Amino acid sequence: MLISNEWLKDYVDAGVKVEDLAERITRTGIEVDDMIDYSKDIKNLVVGYIQSKEKHPDADKLNICQVDIGEEEPVQIVCGAPNVDAGQHVIVAKVGGRLPGGIKIKRAKLRGERSEGMICSLQEIGISSNVVPKAYENGIFVFQTEVEPGTDALTALYLNDQVMEFDLTPNRADALSMVGTAYEVAALYQTEMTKPETQSNETSESATNELSVTIDNPEKVPYYSARVVKNVSIEPSPIWVQARLIKAGIRPINNVVDISNYVLLEYGQPLHMFDQDHIGSKEIVVRQAKDEETMTTLDNNERKLVDTDIVISNGQEPIALAGVMGGDFSEVTEQTTNVVIEGAIFDPVSIRHTSRRLNLRSEASSRFEKGIATEFVDEAVDRACYLLQELASGEVLQDRVSSGDLGSFVTPIDITAEKVNKTIGFNLSNDEIQSIFRQLGFETTLKGETLTVNVPSRRKDITIKEDLIEEVARIYGYDEIPSSLPVFGEVTSGELTDRQHKTRTLKETLEGAGLNQAITYSLVSKDHAKDFALQERPTISLLMPMSEAHATLRQSLLPHLIEATAYNVARKNKDVRLYEIGRVFFGNGEGELPDEVEYLSGILTGEYVVNAWQGKKEEIDFFIAKGVVDRVAEKLNLEFSYKAGKIEGLHPGRTAIVSLEGQDIGFIGELHPQVAADNDLKRTYVFELNYDAMMQVAVGYINYEQIPKFPGVTRDIALEVNHDVPSSELKQIIHNNGEDILQSTLVFDVYEGEHLEKGKKSVAIRLNYLDTEDTLTDERVSKIHDKILEALQAQGATIR
């Protein structure tokens, strides 16, 4: 938002230099990103009057002008502008003057004729071509009224000014207007703020006889009003209006269109001007667009509408796209005489979706998207009527034609001085706090010790008492907060929490296994929000997503990890191993906060490098992925169990559910071939674990264990079992019967095929026996070993 200091003084005069004002505003939370000084680098720029013009004898495109610049004698200036003519008041840079870009004005001869100065265009004095009026886009600027020759040109142009550029956060939409900024400045400097004049002289004719207004969907359009102004004269706006629009970054068009833009900047309330004679009826109907309905907007583009768009219609066809852009056949033109002024409240979400879908961003749509002040809707329309009367000789009809309800202009919030002072460390009285709120334009009432503050609708960022406390701190001054040293009790040395220790260990383990940490977005598309979710829970969607691809909070980390892997593989990085620790979100129904759960996920594809210098590589498979998960469990002193399972999006025969203490906490598996193909991936393996559940298991610290002093005994067994019996089940039976001397088991071979009965498989398992206190005897080992074999046979296994 560009704030002209010259314009701001119409409403409030802080009595300080603009640099000091900018510094003060920045310290209170609105960042002044830049300062534009139109007088910088300009010297000896005056208004000149062209007394005569003659063609240059040796150049067809040059003219010799005699120009009165307020000195004893006129000066001769050679000018090549196509629109230069005698009788014009123009901008002249005198000899010895300077223009932006380091241009120095010197006496010169052009094709043999002396030239003592330069007749300037607006671009040559530093105005951007984007905002120069069309009439002067390719030539010099000509004043529309008489100005005394020799007058300082910047003063005559209302450009002897400094403009502050605000870098506003989304919550401070109130500062997107001159009036909103004036309230802020008045509060900062404890001075009075003067509002713009809105009272016009109305005719005896009523606008209710000219048109009617109907709203079809009050949820999308809570309020719509219109006023009628007759017999306007279309002409260029006065120079002061044009200058203020230019300084705000808007190109002047004509007085009627300029007034709608002027009031937009003044109040932050978008208006639209219709040519009443081209609306096509006396009826205005605000409705949802019909699917496939079309209209041509002011930029001469035909737009195809959808049923979520809001349109202003004449009862039959659209005449404007609500809050975004008007239609072409009802626009104000040079022939317009009667004007209908629209002021309305539109649903911010609908306006934003329409604006984004059609790629139509405007000053109006950006304000509707952030929400407008209901208190200013009718006031802004009245202001436009007043200006049309003053600047376009319009006749303002009585009454406004409206439909809907503006709602409350204020939101009451109770607060106490004790709460304010306790929160921010001030020692302010009720009177001082009330004074701050009154300067901000907030009405207050004090009852006992409770102060009720009526927050106006323009301050949509203030909804709770803490917001009010922030306002007190901002306006009174953060610099005024008393400084004090903290009081410390017993000081303890800092250390990592148990969870932090485990997380560090986990990261070291995964990175040691060759995985790289990834950090991805928490938002996914609605279509992928439930991909790979272990539990069926409601999703959480954003009210105003920036894009459809980031519209819903994730329930798994894998969708974005798959995207990241596909991105790398597409760029010739085919061996990808990533992990992520991040939060997922599960809904709890309307009005309830979601559950946030931390997950650990990983993805592996390509080849797994063992010793790159020896050329030893192996393709990543299920067991490598499982080995990574097993290593995590070992390092965290956890014991995972696995069972075959099915997860949507994973290979149905190569997926295992991971359990911890009887609770399913995740899975390991190969991506379903179709999912892999959709992402241009070869065989890819993933795992996802509930990290919060892992951290909740109480485990002791892993202490150092001495190397055994006594030798162990190893025995191998081969078992014939049904092919659907998992190896983990066999290992569990072995451990349940191995007593205290069975140290570990290892499945080292699985065979199905020739020499085995159909539906059977052979599983070879190595058993490691060890007694840390004594040497094992063959008799003792055999006794335990036989017990294990009997237990296996009892469960249907055949010893081979």
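Including glycine, each Cβ sits where the backbone N, Cα and C put it.
Per Swiss-Prot, the features are:
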type	residues	note
BINDING	ASP461, ASP467, GLU470, GLU471	Mg(2+) binding site
DOMAIN	39-154	domain 'tRNA-binding'
DOMAIN	408-483	domain 'B5'
DOMAIN	708-800	domain 'FDX-ACB'
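Ranking the binding-site residues ASP461, GLU471 by C-beta neighbours within 10 Å puts GLU471 at the top.
For GLU470 (Mg(2+) binding site), other Cβ atoms within 10 Å of its Cβ number 16.
Sequence-distant neighbours of ASP467 (Mg(2+) binding site) (same chain, 6+ apart, CB under 8 A from its CB) are ILE413, ASP461. Highlighted in sequence order, ARG459, ILE462, GLU466, LEU468, ILE469, ARG474 have their Cβ within 8 Å of the centre of the Cβ atoms of ASP461, ASP467, GLU470, GLU471, the residues recorded for Mg(2+), and are not part of that set.
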